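Colleague: Pasting in a structure now, in structure tokens, and then I'll have a few things to ask.
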Amino acid sequence: MDDPTISNQRDRSAPSTPPLNLPLRMSDSSIHLENLPSRTMHINRIINSNYNRFPSRTIYSDRFIPSRSGSNFALFDISNSPTSADGKEEGSGTYKSLLRAALFGPDTPDKKDSSGLPARRNIFRYKTESKRSLHSLSPFGLDESVHGISHIPVKAPRKVPRSPYKVLDAPALQDDFYLNLVDWSSNNVLAVGLGNCVYLWNACSSKVTKLCDLGFDDSVCSVGWAQRGTHLAVGTSNGKVQIWDASRCRRVRTMEGHQLRVGALAWSSSLLSSGSRDKSILQRDIRAQDDFASKLSAHKSEVCGLKWSYDNRELASGGNDNKLFVWNQHSNQPVLKYCEHTAAVKAIAWSPHLHGLLASGGGTADQCIRFWNTTTNTHLSCIDTGSQVCNLVWSKNVNELVSTHGYSQNQIIVWRYPTMSKLATLTGHIYRVLYLAISPDGQTIVTGAGDETLRFWNIFPSPKSPNTDSEIGASSFGRTTIR
């Protein structure tokens, strides 16, 4: 209010205000404006005189707000090359140059804008340089001699040899999708069914031995080594299963029960499972006198794939009815049924790395590899391979698997799980690759086809050095015959 009378009346009527927080030497009366008229007039005169004398001067408040227009950047001495009077660069300028180069790169002082003029030294400008690696932002640069800074090299993908290191001629190797005529024992002996005979090839000595001859009225439909590698089961076209002692080349026993050919065999310790064209699976205990202990009937067509899990608790079976079943040792009915495939399921493989992980492949009308978790009864994933899936086998040394294919690519593919990225695609067979087995050390696979050849490939690393390429067999490349 401009009226002092009204102001004095308001002060009398208002309640007393608390005393001011003043130093001990000063009292409220000593600063009262009525007692100090001369000081008040003096202060007003100073303010009015400054305001009138400098009308454009900025009055600052108790907060500092930086103003670009009012800033004096010359105080920061932001210059390109501060030099002394005699032309030599000063010490502070050298330090600033080194610091600028370490923080923003050595090319910062010489940069120019789009007009061709030197870039303005604006400390608030955004950097628009190209992307550099994190190492380039370090004040130490890329000096490998600096201790304490490790530069981890990018791991190169593992190289898989694209050619077989050995080829064996296998005359009379049948071109039949539903048969399983090749198996590799834990004693490093390969068994191959050729026509009505079974031959053994010792991988250590390359010696070939004729195990048996079934005669003209019978033929070999499947072979399967026992886990110890001493006995071989042979399934025949007459529906019989023969057990042979490989070391003595002597037949131990013959078991019956199937009405048609036996195209699939799988061992679980002393228990032997056989799948037949008569749609049944027989569980046989070779220690018992009976030909079979139980009969599993669920498939509606020929059983062409059989595999026991690594813990010998679950048996997976695939049939020409496009079904994949999982059984246990105590049931005559499948505990799990998978019907997603649209073609015959011959390719079956259990993962040695994860319990309950099962892979299966479909035939020509399906061409897919599917993954299942039998513990949770879930379908995990599916990948279309573009070709008939004939066989699957999992690596024991790394989390990878290999698939062999028929129509129409006839290729061999090495996959990395679970991304299912292709590590290699191998070709060489001119017929569909129907047969597959893996060596006991887990490094080599052998493939067989209707072109009557067996090809050996080094595709998996050794368990001791998973990142090194295997050169085993490279010097023994050659082509011989197995019979």
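Glycine too: its Cβ is placed from the backbone N, Cα and C atoms.
TrEMBL lists these features:
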| type | residues | note |
| --- | --- | --- |
| REGION | 1-24 | region 'Disordered' |
| DOMAIN | 168-457 | domain 'CDC20/Fizzy WD40' |
| REPEAT | 213-254 | repeat 'WD' |
| REPEAT | 296-337 | repeat 'WD' |
| REPEAT | 426-459 | repeat 'WD' |
Colleague: In the same chain, who gets a Cβ under 8 Å from the repeat 'WD' (213-254) while lying at least 6 residues past its ends?
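Modeller: Hits for the repeat 'WD' (213-254): 174, 179-187, 189, 191-198, 200, 260-267, 269, 272, 274, 276, 278, 284, 286, 440.
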Colleague: On the 0 to 100 pLDDT scale, where does the repeat 'WD' (426-459) sit on average?
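Modeller: Over the repeat 'WD' (426-459), the predicted model scores a mean pLDDT of 97.
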Colleague: Could you count the residues of the repeat 'WD' (296-337) that DSSP puts in helix, in strand and in coil?
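Modeller: In the repeat 'WD' (296-337), the DSSP-based counts are 0 helix, 21 strand, 21 coil.
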